[in-house]
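Quick notes on the structure that follows.
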Amino acid sequence: MQICLMDETGATDGALSVLAARWGLEHDEDNPMALVLTPQHLELRKRDEPKLGGIFVDFVGGAMAHRRKFGGGRGEAVAKAVGIKGDYLPDVVDATAGLGRDAFVLASVGCRVRMLERNPVVAALLDDGLTRGYADADIGGWLQERLQLIHASSLTALTDITPRPQVVYLDPMFPHRQKSALVKKEMRVFQSLVGPDLDADGLLEPARQLATKRVVVKRPDYAPPLADVATPNAIVTKEHRFDIYAGTPLTE
């Protein structure tokens with residue numbers, strides 16, 4: 001994949017070359033999207049809109065730390081949607097990981113989560129965030145146990161994952177109406193990078209085959225159900241629906 005690769009660390013250790021080789025990235029000086037190594041983290045920038053700033057994954061500080069410490073925890077809609085109850089903490093595959101926010105919330109309340117991300121740039125951002133998170137004295141221990149990244153296309157990987165999870169979580173890219181400034185910024189940068197999720201409808205059936213208990217699909221409240229498959233089971237928040245579908249139980 002072609003993208004502008006930039007190193008602002010001041011180091012001459014070849015980290016950019018290692019990054020490019022690992023994720024199959026090719027430097028393109030004229031690309032409007034840039035993946036930038038800064039002294040703090042790896043970030044994505046839209047060069048023709050510098051005011052948008054950089055997008056990076058941060059599990060340790062910022063909004064994620066606030067959500068972990070002061071958010072609803074088990075009471076969050078995503079936790080209810082995957083079925084967390086009492087001692088039941090399902091094993092989850094997040095097949096559309098994005099920046100890993102919902103996966104992190106589920107991991108923080110005790111679920112083991114495998115994140116799938118097919119875009120190599122987004123996978124590189126997630127990997128960078130995980131590396132920093134794993135090294136953190138406060139959250140590193142449980143984060144290593146509960147949150148992992150698999151770089152693969154969900155459409156193919158969903159048929160190959162073992163062991164099977166109890167829950168598959170899907171949050172496909174959908175054109176957002178007006179949202180908070182942060183989401184708007186991220187969506188603009190993200191959609192410039194990955195484009196619309198045109199094959200998202202194809203995820204529902206393999207997800208239902210893989211999950212032993214349920215599939216949860218996060219949708220904006222105005223969006224039709226994924227693959228136009230309606231379900232009476234949903235958890236509804238102010239702006240989203242978490243549509244719930246039955247999985248395929250394990251056979252003896």
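Our numbering is plain: 1 for the first residue shown, then up by one each step along the chain.
Each residue, glycine too, has its Cβ placed from N, Cα and C.
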Annotated companion of ARG101, ASP102, GLU117, ARG118, SER153, SER154 at the S-adenosyl-L-methionine site, Swiss-Prot, chosen from ASP58, ASP171, ASP197: ASP171
Would you give the longest CA-CA distance, in whole angstrom, between residues of ARG101, ASP102, GLU117, ARG118, SER153, SER154, ASP171, the set recorded as binding S-adenosyl-L-methionine? 19
If you rank the binding-site residues SER153, SER154 by how many other Cβ atoms lie within 10 Å of their Cβ, the lowest count goes to SER153
When each of the binding-site residues ASP102, GLU117, ASP171 is scored by other CB atoms within 10 A, the minimum falls on ASP171
